[in-house]
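Data first, discussion second: the structure below is written as structure tokens.
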Amino acid sequence: MNPYVLAILLSSLGLGTTLTFASSHWLLAWMGLEINTLAITPLMAQHHHPRAVEATTKYFLTQATAAAMILFASTTNAWTTGEWSINDLSNPIASTMFVAALALKIGLAPVHFWMPEVLQGLDLLTGLILSTWQKLAPFALIVQTAQTIDPLLLTLLGAASTLVGGWGGLNQTQLRKILAYSSIAHMGWMIIVIQYAPQLTLIALGTYIIMTSAAFLTLKMSLTTKIGTLATTWSKSPVLASTTALVLLSLGGLPPLTGFMPKWMILQELAKQDLPLLATAMALTALISLYFYLRLCYAMTLTVSPNTTNSTTPWRTQTTQVSLPLALFIVSTLGLLPITPAILMLTT
């Protein structure tokens with residue numbers, strides 16, 4: 001892609017998200033989300049592959065539907081209350097419609113079906129943008145309006161997403177689909193606690209972005225998109241393979257890695273709110289997710305490649321990819337748990 005076009009598209013992505021962050025008026029927030037969608041569409045279709053074009057079309061249609069629902073919800077709210085302010089979402093019908101639209105935007109269950117299919121059709125870098133940056137603007141709106149939304153609806157969305165995210169990833173062999181289901185499960189963890197402690201949602205979102213970036217960049221560095229080719233990475237780069245395994249375990253939420261921190265805090269908050277059954281259910285769904293991460297780790301580090309896969313073993317050539325961002329994200333993914341008390345102090 002032409003570097004000038006790429007610069008315009010990336011700056012438009014930044015502009016759309018910033019506009020939604022800064023807006024207190026519904027139309028401005030909607031405009032920011034639209035700019036975001038329109039900026040990422042050419043990035044998704046840049047390879048002119050049928051799968052990429054199909055993924056772009058699916059993504060555009062779902063995002064356009066969600067944007068229309070947001071516009072309809074905000075118009076309904078303005079019609080009944082006379083207010084266009086984001087903080088004044090007092091109409092229950094508009095509020096429910098708005099949550100459904102944002103759930104569709106970020107891929108929460110039960111409106112998550114587009115997410116694995118779209119991510120499967122993209123290259124890893126565009127998939128990374130879709131899984132991380134594109135979540136920021138909708139989450140800003142959810143955090144701002146969380147107190148006006150029905151708590152039961154948020155709880156159901158969060159619990160369903162963690163269950164579907166764990167369950168859906170069990171039978172996958174494509175790594176991008178596994179990361180898509182992982183994203184759905186993490187979104188569920190963030191949504192479940194947003195009504196009680198929005199700052200924990202922001203911490204969980206930050207750690208999710210760091211861990212997912214590390215996962216996508218390690219897969220890009222080792223040029224793998226399937227479990228079969230993942231099994232050949234050990235012979236090519238043992239250090240990268242072992243750090244990839246640790247990154248995946250961090251995504252699963254195992255201590256003493258960074259991924260344990262948000263899950264620990266969220267379970268603690270749910271217990272404080274007298275919701276022990278919900279906390280137990282969330283912990284059990286995290287175990288389902290952990291199973292498919294362990295499956296990837298097993299395929300990558302505990303099997304000898306010629307006997308377990310019919311994939312072609314890759315050439316051991318020197319990579320020309322930039323590795324500094326990958327190194328920074330890996331260090332953050334593996335080592336931020338000890339600063340949990342400092343993060344708690346900053347958020348309370």
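These residue numbers are counts, starting from 1, taken along the chain as shown.
For all residues, glycine too, the Cβ spot is worked out from N, Cα and C.
Owing to the predicted nature of the structure, the values given are computational and were not obtained by experimental measurement.
Now, the feature entries from TrEMBL:
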- 23-288: domain 'NADH:quinone oxidoreductase/Mrp antiporter transmembrane' (DOMAIN)
- 60-80: transmembrane segment (TRANSMEM)
- 92-115: transmembrane segment (TRANSMEM)
- 152-171: transmembrane segment (TRANSMEM)
- 178-196: transmembrane segment (TRANSMEM)
- 202-219: transmembrane segment (TRANSMEM)
- 239-257: transmembrane segment (TRANSMEM)
- 277-294: transmembrane segment (TRANSMEM)
- 290-344: domain 'NADH dehydrogenase subunit 2 C-terminal' (DOMAIN)
- 326-346: transmembrane segment (TRANSMEM)
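No contact links the transmembrane segment (239-257) to the transmembrane segment (152-171), because fewer than 3 Cβ pairs that are 6 or more residues apart lie under 8 A.
Comparing 60-80, 178-196, 326-346 for CB pairs under 8 angstroms to the transmembrane segment (277-294), the maximum falls on 178-196. Within the chain, the transmembrane segment (326-346) has long-range Cβ neighbours (under 8 A, six or more residues past its boundaries) at 203, 207, 210-211, 213-214, 217-218, 221, 243, 246-247, 250, 255-261, 264-265. When each of 60-80, 92-115, 152-171, 202-219 is checked for Cβ pairs under 8 Å to the transmembrane segment (178-196), 152-171 comes out on top.
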